[in-house]
Amino acid sequence: MTLAVAVAPLEKTPLETYVPPAKPSLIGLSRAELAERLGAIGVAPAQRKMRAQQLWHWMYVRGARDFAEMTNVSKEMRATLAEHCTVDRPEVVAEQISADGTRKWLLRLPSGDDVQKAHEVECVYIPETDRGTLCVSSQVGCTLNCSFCHTGTQRLVRNLTAGEIVGQVMVARDRLGDWIDRETPNGNRLVTNVVMMGMGEPLYNFEAVRDALLIVTDNEGIGISRRRVTLSTSGVVPNIARTGDEIGVMLAISLHAVRDELRDELVPLNRKYPLKELLQACRDYPGASNARRITFEYVMLKGVNDSLDDARRLVQLLKGIPAKINLIPFNPWPGSKYECSDWDQIEKFSEYVFNAGYSSPVRTPRGRDILAACGQLKSETEKLSVRERDALRAMAMTD
């Protein structure tokens, strides 16, 4: 059965302009940009490369939050830096910890604009026995209007800067005590994986996401392996190849349907980049192999996309693509038109896909009680009513 869901037309929404603070943060700058910034505040050309490398180490290896911590930088240089720049990251407005250990942070983004217009995003840390995954946002809000996703009900406000994206990783390390110091010379390794699966469509903010992930994966900095970084897209086809060529991280596709007519409803971007184009881009993805499989995310919606015929079509669609399929039980939110598939049906679907030769794990919902599960993120810029929050928590507790 296909639900007829009204979807808004895909239109370009006017974005608010990012206003940098009076003293901009150095977080998010490349080494070359750091050297250029140092030149702008009077550092001699012969010293810029060395000073930039010092700053890089203190920011991304040691997690320094103030220039005063940078003990191998001269006092005069530290004073000059403090006069013109900061190493600020987003401000933690609220932290929630789920019964399952998942943590969600509401982050206010530094801005030179009126504080009343400050924007907020959410990022989520999911601890597991063998890894710790940080779910990072790329935009304030989202423009895609995916009908099953809570974030899609919030208008797109603006793109995040590279610094605001890297800053989310740094905030997580701050809060978890995950930086290198004398007590933990190798770090605690609590944040081992990063997924660009938070608020927004990463490939509609490609340059900032690229620049941020190159910092996150830099071996002389934050140092998370590219194989442990996954970028999820709803299918912005022109930037998929660029992701492989320019960033080189793992790719995930928010698929959710095997027929164009249904995907047009669930993921309206499909009307611009239909399944045939999307899957060809996946076949052509640089570096894809059995060792670097593309993940296809598939939310399980009762009576909508969960039949065995859907499973058969899914297997046929992915033929020739090194892939695995993540089956995601639908996470409820107030006002949603959908229900989660019955567990028995999810297992049948998974078994069929597995027997066809594809890994098909069912993602365990995490953080539902703090609105941190897949598809539930929505910044406080557009607050839920008390009634909506109570309804959502009730769903989480009874699920």
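Don't overthink the numbers, they just go from 1 along the chain as shown.
Positions of Cβ are set from backbone N, Cα and C atoms, glycine also.
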Per Swiss-Prot: S-adenosyl-L-methionine is bound by G200, E201, S254, L255, H256, N331, and from S225, S232, S307 the site also lists S232
Cα of L255 (S-adenosyl-L-methionine binding site) to Cα of C135 (disulfide bond), in Å and rounded, measures 19
For S232 (S-adenosyl-L-methionine binding site) and C135 (disulfide bond), the CA-to-CA distance in whole Å is 11
Between the C-alpha atoms of N331 (S-adenosyl-L-methionine binding site) and C135 (disulfide bond), the distance in angstrom, to the nearest integer, is 16
Note: in the chain of C135 (disulfide bond), residues six or more apart in sequence with C-beta under 8 angstroms of its C-beta are C123, V124, Y125, I126, V195, M197, G198
Widest Cα pair spacing in Å over the listed S-adenosyl-L-methionine contacts G200, E201, S232, S254, L255, H256, N331 is 19
Across all protein chains shown, the one of the binding-site residues G200, N331 with the most other Cβ atoms within 10 Å of its Cβ is G200
